[in-house]
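Engineer: Dumping the structure here so I can ask a few things about it.
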């Protein structure tokens with residue numbers, strides 16, 4: 001399906017997510033995009049086979065965790081925290097940066113990635 | 001008086017084909033808490049979408065996981081095709097379905113072998129993997145490869161199945177079905193198998209739904225969700241019902257997978273008999289337009305979700321893959337506490353974990 005997600009404010013996020021929960025939606029996933037120093041986090045829910053999406057745009061600080069509404073969100077929120085450096089407030093279990101990354105891993109490896117493409121004949125491909 | 005202790009389980013462990021680490025807090029022999037850690041085989045494949053063009057990415061996503069590689073390629077292609085408004089030929093839809101179901105069979109047989117090995121039933125392990133070889137032979141004969149078969153391309157498939165091959169596949173499937181019926185009784189009615197699975201690791205229907213479980217993990221708990229019923233690829237032309245069990249224990253999850261193998265054989269037979277003649281792909285011109293799309297399909301382990309954001313060039317802005325094992329880990333963390341330490345390997349394998357998928 002083509003994604004037509006609805007933007008919600010960070011302040012309203014928990015209320016919106018709680019509404020999905022109370023309406024019988026299951027949590028599918030969160031998807032983080034990083035562009036121009038900002039983060040877009042898309043929340044995907046499903047009822048039977050129908051998907052619904054909402055998103056927030058944030059600077060990546062003090063994002064309210066929805067893991068107290070959908071406990072299964074704790075894994076993907078810990079993953080986003082480690083791979084993108086987004087800080088979640090109220091994570092029910094915080095792995096402290098050790099869910100996906102090790103001691104010597106790069107920090108926030110998927111955030112603001114500098115893309116270096118192969119050069120062909122002296123020109124960027 | 002019982003004492004609390006912590007036991008590290010994995011990342012290297014005899015029952016784990018891939019590395020995952022669990023920190024188990026135990027009271028005597030009883031698990032009271034479990035915390036996971038991944039990342040041992042994280043490859044950053046999602047990031048490659050920004051470096052490889054959208055056609056090359058078909059071959060990258062197939063390498064997310066060896067066991068359901070074909071379905072990763074299919075889901076990715078479906079997403080790009082939806083973005084570009086491409087209609088795939090009907091024959092290609094059938095061919096995708098046939099290869100996907102062959103992958104489901106070999107995935108479930110691989111799991112059954114590993115599961116049997118986890119509690120010391122080595123003969124069952126050898127029998128299931130012997131049967132699985134016939135499926136691998138079919139994959140090799142029809143695609144040129146045993147595991148990563150690379151048949152999907154944006155716009156259809158790149159290989160066809162001839163009438164002679166179809167007849168041979170049907171004969172091979174008859175043989176596979178006969179051998180499976182022989183071991184089905186052993187798998188489902190054996191005293192040891194029942195002792196190790198019945199009533200072990202119970203996940204209720206409400207818990208499965210609330211925790212976002214998917215595939216046999218959810219179906220074994222009575223959640224009747226199977227994305228194939230939405231009719232993607234050629235499933236809209238085939239007759240089948242999702243396989244659901246209600247008891248929610250490890251035995252129910254086994255039963256779902258065993259029944260799904262027979263169901264897949266039936267689906268392949270239906271697909272081969274109904275598959276029309278025609279083209280197997282359409283030419284693809286240009287780049288995907290700017291936009292966002294989500295595509296889903298039912299892998300062996302459950303629902304896989306592809307999110308793609310394109311920008312109008314040949315490179316994608318973002319590829320995100322939510323794999324079924326990632327969705328099933330919260331359910332695993334739910335069933336581990338309260339179990340006996342000896343059951344932990346069986347419970348881990350009961351979700352049919354794919355760590356390559358989880359880490360991408």
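In case you wondered, yes, glycine gets a Cβ from its N, Cα and C as well.
So TrEMBL says this about it:
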BINDING   B:46, B:321  Mg(2+) binding site
BINDING   B:65, B:68, B:354  Ni(2+) binding site
BINDING   B:68, B:357  Fe cation binding site
DOMAIN    B:121-282  domain 'NADH-quinone oxidoreductase subunit D'
DOMAIN    B:287-360  domain 'NADH-quinone oxidoreductase subunit D'
Engineer: I'm trying to understand the geometry here, so how far is the Cα atom of residue B:357 (Fe cation binding site) from the Cα atom of residue B:46 (Mg(2+) binding site), in Å to the nearest whole number?
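Structural biologist: About 11 Å separate the Cα atoms of these two residues.
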Engineer: List, in sequence order, the same-chain residues at least six positions removed whose CB sits under 8 Å from that of residue B:65 (Ni(2+) binding site)?
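Structural biologist: Once residues fewer than 6 apart are set aside, residue B:65 (Ni(2+) binding site) is near B:72, B:323, B:354, B:356, B:357.
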Engineer: Enter the number of other CB atoms within 10 angstroms of the CB of residue B:357 (Fe cation binding site).
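Structural biologist: By my count, 23.
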Engineer: Per-residue pLDDT averaged over the domain 'NADH-quinone oxidoreductase subunit D' (B:287-360) comes to what?
Structural biologist: 88
Engineer: Would you mind pulling the DSSP three-state label for residue B:65 (Ni(2+) binding site)?
Structural biologist: coil
Engineer: Summarise the domain 'NADH-quinone oxidoreductase subunit D' (B:287-360) by DSSP state, stating how many residues are helix, strand and coil.
Structural biologist: 27 helix, 26 strand, 21 coil
Engineer: Once near-sequence residues are set aside, which residues in the chain of residue B:321 (Mg(2+) binding site), 6 or more away, have Cβ atoms under 8 Å from its Cβ?
Structural biologist: B:45, B:46, B:61, B:64, B:72, B:304, B:305, B:306, B:307, B:357, B:360
Engineer: Within the chain of residue B:68 (Ni(2+) binding site), which residues six or more apart in sequence place their C-beta under 8 angstroms from its C-beta?
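Structural biologist: Those within reach of residue B:68 (Ni(2+) binding site), by Cβ under 8 Å and sequence separation of 6 or more, are B:103, B:104, B:107, B:299, B:300, B:301, B:304, B:354, B:357.
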Engineer: Other residues near the Ni(2+) site, CB within 8 A of the CB centroid of B:65, B:68, B:354?
Structural biologist: B:64, B:66, B:67, B:69, B:72, B:107, B:299, B:300, B:301, B:323, B:325, B:356, B:357
Engineer: Can you check which residue among the binding-site residues B:46, B:354 has the largest number of Cβ atoms within 10 Å of its own?
Structural biologist: B:354
